[in-house]
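See structure below.
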Amino acid sequence: MLEMRTNPPVFKAPRPLAGRVRVPGDKSISHRSLMLAALAVGTSRIEGLLEGEDVLATAAALRAMGASIERGGDGAWTVNGVGVGGLLQPATALDMGNSGTSTRLLLGLIASHPITATFIGDASLSRRPMKRVIDPLSLMGADFTASPGGTLPLMVRGLCPAVPIAYRLPVASAQVKSAILLAGLNAPGITRVIEPVPTRDHSERMLKGFGADLEISYEEGPRIISIRGEAELRPQQIVVPGDPSSAAFPVVAALLVPGSEIVVENVGLNPTRAALFDMLRAMGGSIFEEKRREVGGEPVADLRVKASNLTGIEVPPEIAPSMIDEFPVLFVAAAMAKGRTVTRGLEELRVKESDRLALMARGLARCGVIVEERADGLVIEGRDGAPFVSNDRPIIAADLDHRIAMSFTIASFASRDGIAVDDMSPVDTSFPGFADLLRSLGAETAA
Ligand code: S3P
């Protein structure tokens, strides 16, 4: 008989964390590498692809639409593309699992192809808003039948030729921006996205790298991205840098565990992604860049991190998009800092893989932290290094959210009795090998 697991494993750091580690490839760049390679004519090669469930969902969907995608014995991936306009009708529903990026970007791709596809996903993805992509892609001529509230499951019927549009983003979202640009690849003429608040720019960099005619201007203040459609993409050799959003977890762990010193190698430091490290430094965190270089057209460095006494800060709301996925672990760092940390402008965190403001507020409160949940952010009274405590040993519900699961794993290192997470399986969506990486730095698990 199977034993019921009532005591999930708890991570502890019995000694300072030490060592050199590499985190898996960048999730955003990995999705885009596969998609653009699938639209190029010829064979692309991708090194360092994130082999997480989210990216594998993108690969499976692209295969279902005609691209050939294989992993070689050396760990590099090869993709034989079908050419812009060449995607085929998938025979079955496309299962997006937990992945919002796969869903929103692939909806963009399909919107300007003459095919129909059904998108399904897990319970978390099926509550996330898709209207933000349905609206602009409908203007381009695609037809959608979504579940009530504009969620998955949904069906899209693409239009070819699609109508090029000029669209001002109502939410700061790289996924929405990218969906429109990808749809624009196969629309005649120029498609424009007007971006009042800059978001991660991997799509722009990579589309240019693949040979698309893409221009960025600032004529009216906001960033305007223009792409010429009916593009011909040339296959590329891509090297994916390490994901700063994954690096965030060992970095915060090393800051919090007294006496630690680690190096996280090969971390992507694109300025539209790297604000967490700036904020942690502003809090007093000792994070040094070593060997700054370029990998795959992106700035990269090794990060040397030493345990530090942190001080609370006000996080400027305008930088939120440059660290949008890092707030859960920033909240953990803030909870151990001296003084108050105030965050604002974070409404988007409520529609990620979970409601991250609610889950982090609730979970930290169970760990003895004084935290105020506001509509658009958290206010956290730091414990000035005093370990997290609770009456019972808390088991945190991750609610199918990888970053909640990983954040409370890091919090466990700074706790008196350990903090358990009910379900660590979502971690495989973005960070396969997370637990082993922590163990290689000296962490241990106890039942
Ligand atoms: C992503 C953009 C972000 C981020 C997500 C990945 C991307 O979402 O949260 O994990 O690859 O474009 P939004 O653009 O919706 O904020």
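Note that Cβ sites are derived from N, Cα and C of the backbone, with glycine treated the same way.
Automatic, uncurated: that is what TrEMBL annotation is.
So that you can see what the record holds, here are the features copied from TrEMBL:
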DOMAIN    13-437  domain 'Enolpyruvate transferase'
BINDING   Lys27, Ser28, Arg32, Ser173, Gln175, Asp325, Lys352  3-phosphoshikimate binding site
BINDING   Lys27, Gly100, Arg128, Gln175, Arg356, Arg403  phosphoenolpyruvate binding site
ACT_SITE  Asp325  active site, proton acceptor
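Mapped onto this structure are the features recorded in TrEMBL.
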residue	record	Cβ contacts under 8 Å, 6 or more apart
Lys27	3-phosphoshikimate binding site	Leu50, Gly52, Asp54, Val55, Thr101, Asp243, Ser245, Ser246, Ser430
Ser28	3-phosphoshikimate binding site	Thr101, Ala174, Arg200, His202, Arg273
Arg32	3-phosphoshikimate binding site	Leu105, Ser178, His202, Ser203, Met206
Arg128	phosphoenolpyruvate binding site	Gly100, Thr151, Leu152, Val351, Lys352, Glu353
Ser173	3-phosphoshikimate binding site	Arg132, Thr199, Glu348
Gln175	3-phosphoshikimate binding site	Gly100, Thr101, Arg104, Leu105, Arg132, Val133
Asp325	3-phosphoshikimate binding site	Ser245, Lys352, Arg403
Arg356	phosphoenolpyruvate binding site	Phe327, Pro328, Leu349, Arg350, Asp401, Arg403, Ile404
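For the phosphoenolpyruvate site listed in the record, the two most distant Cα atoms among Lys27, Gly100, Arg128, Gln175, Arg356, Arg403 lie 19 Å apart. The binding-site residues Lys352, Arg403 differ in how many other CB atoms lie within 10 Å of their CB, and the one with the most is Arg403. Look at Gly100 (phosphoenolpyruvate binding site): DSSP puts it in a helix. The average pLDDT for the domain 'Enolpyruvate transferase' (13-437) in the predicted structure is 97.
Note on Gly100 (phosphoenolpyruvate binding site): other Cβ atoms within 10 Å of its Cβ, all shown chains, come to 22. Among the binding-site residues Arg32, Ser173, Arg356, Arg403, the ones whose Cβ sits under 6 Å from an atom of ligand 1 are, in sequence order, Ser173.
The DSSP secondary structure for Lys352 (3-phosphoshikimate binding site) is coil.
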